[in-house]
Amino acid sequence: MSFPKVNPTQTTAWKKLQYHFEALKKVHMMDLFSENVSRKSDFSYQWDAFEVDISKNRITSETLSLLFQLAGETKLKEAIEAQFSGVAINETEDRAVLHTELRNFKTMKPEVTEALSQMKVFSEKIISGVWKGHTGKPITDVVNIGIGGSDLGPDMVTEALAFYRNHLNLHYISNVDGDHVMETLKKVDPETTVFLIVSKTFTTQETLTNANTVREWFLETASEVAIAKHFVAVSTNLEAVQKFGIASENIFPMWDWVGGRFSLWSAVGLSTCCAIGYKNFESLLKGAHAMDIHFQETDFSENIPVLLGLLSVWYANFFKTETEAVIPYSQYLNKLVPYLQQAFMESNGKGVDRNGNEIEYQTGSVIWGSTGTNAQHAFFQLLHQGTKLIPTDFIVFTESLHKKIEHQNKLLSNFYAQTEALLYGTKGEEMETPYKVFQGNRPTNSIVIKKLTPYSLGSLLALYEHKIFVQGVLWNIFSYDQWGVELGKKIAVEKLAKLQKE
Ligand SMILES: O=P(O)(O)OC[C@H]1O[C@](O)(CO)[C@@H](O)[C@@H]1O
């Protein structure tokens with residue numbers, strides 16, 4: 001049984017939140033800090049190697065109580081249970097949503113265990129040089145051909161975990177723009193490169209076009225039989241993969257209960273597994289699973305994904321904010337924001353509710369951002385003095401991987417300085433000109449993690465996955481379909497036919 005479909009605006013909590021908002025909207029957070037000396041610790045949450053501080057938000061303990069009431073009335077607890085127990089909560093596609101099962105080693109389905117061991121064997125052969133190209137040379141380069149969820153997640157994780165990488169060179173081809181594939185092919189040698197064609201459906205125009213171009217390029221210097229040593233596929237569509245000419249032992253499975261944007265934990269992450277080795281890949285999965293348990297079992301008052309999801313709703317629906325920024329103070333997380341953009345916006349960019357009615361409140365915020373400190377010199381002016389209120393996540397790792405202490409101290413001091421400047425502004429200070437005034441009162445979450453490891457990265461990504469789900473339940477939308485991408489694809493097919501004729 002799926003969980004009840006509640007319009008959030010019809011709940012008692014929503015009405016109370018509306019009144020509460022009217023009373024709180026002009027209050028400066030600085031006053032909330034002066035009234036309560038333990039505000040920082042009251043609104044900080046420790047979990048594993050994470051410390052999440054939400055004290056710099058325009059909230060009081062009453063705000064949280066009302067948001068918990070809203071979660072109760074919209075049946076969040078029941079929704080979490082339904083998702084984890086495999087109910088087909090993706091109703092418009094009649095599918096369960098079980099990416100969490102890809103990282104649960106205790107209850108893992110046999111086909112997942114089998115796929116993981118297939119990944120282990122394959123990646124070990126590639127890394128050790130046992131797997132040879134068709135001319136007998138070991139593999140030096142791995143190229144992932146995929147787009148959307150079959151590209152963004154693996155690419156992001158491979159870059160984020162560069163510190164843990166081996167000698168292999170990794171490349172990602174996604175865009176149908178021929179310059180993308182051709183520039184990548186300039187860098188690789190067909191004799192020592194393996195191509196991973198990753199597509200859940202194996203019908204995606206960009207991926208198939210790129211895969212065919214690569215295949216033609218490969219066959220300029222090799223025979224058809226050599227394909228078995230250089231082409232591998234990850235897909236649910238075995239028939240289409242076989243038609244493409246990929247040997248059956250080179251096919252890795254996917255399942256319809258894993259959404260593309262939640263699939264980096266499956267064989268879709270094969271490129272990452274080759275780059276960092278199976279042991280590290282498994283650690284990524286275990287870190288995500290630890291967060292799954294936290295999300296499933298922790299009371300909402302201490303539940304980090306729940307708290308962050310509720311705060312988004314508070315800002316989007318009461319303060320009417322339209323965007324949220326994410327600023328990781330780690331260059332390794334340079335690709336986190338593009339990955340989150342698909343995860344959040346493809347999931348929650350919906351205008352029809354779970355009862356089929358058009359929605360009259362805001363859903364799916366625009367997600368944007370980039371790494372600190374670079375972002376400080378790009379768009380922080382707007383965060384500090386612009387007319388828009390932009391709730392922002394600040395993420396940092398306290399320990400630096402390269403032990404560059406001076407750099408790390410400067411990075412951390414900027415991290416803390418920015419959240420304080422956004423909080424306090426110049427309130428209480430005499431400024432000689434209005435242009436130098438900072439209003440402050442701009443909300444931030446601080447996500448402070450001990451160290452960037454495969455495990456902690458897994459936890460961080462799972463945290464955001466669950467935040468998406470929390471928002472979706474509160475907004476009463478289906479977070480796991482993506483019909484909004486179809487119309488453009490259909491028109492593009494028609495345009496292509498016309499262009500080809502001309
Ligand atoms: O893995 P596939 O089937 O090639 O799909 C790629 C991407 O395309 C989308 O369907 C959007 O067009 C995404 O949801 C998905 O991640």
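Cβ coordinates are placed from backbone N, Cα and C, and glycine is handled just like the others.
Small disclaimer: the values here were computed from a predicted structure and weren't measured.
What TrEMBL says about this one:
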ACT_SITE  GLU346  active site, proton donor
ACT_SITE  HIS377  active site
ACT_SITE  LYS489  active site
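Mapped onto this structure are the features recorded in TrEMBL.
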{"residue": "GLU346", "record": "active site, proton donor", "DSSP (3 states)": "helix"}
{"residue": "HIS377", "record": "active site", "DSSP (3 states)": "helix"}
{"residue": "LYS489", "record": "active site", "DSSP (3 states)": "helix"}
Pairwise Cα distance for GLU346 (active site, proton donor)/LYS489 (active site) [Å, integer]: 15
Other C-beta atoms that fall within 10 angstroms of the C-beta of HIS377 (active site): 9
Residue pair LYS489 (active site), HIS377 (active site) - Cα distance, angstrom, rounded: 37
Neighbouring C-beta atoms (10 Å sphere around the C-beta of LYS489 (active site)): 11
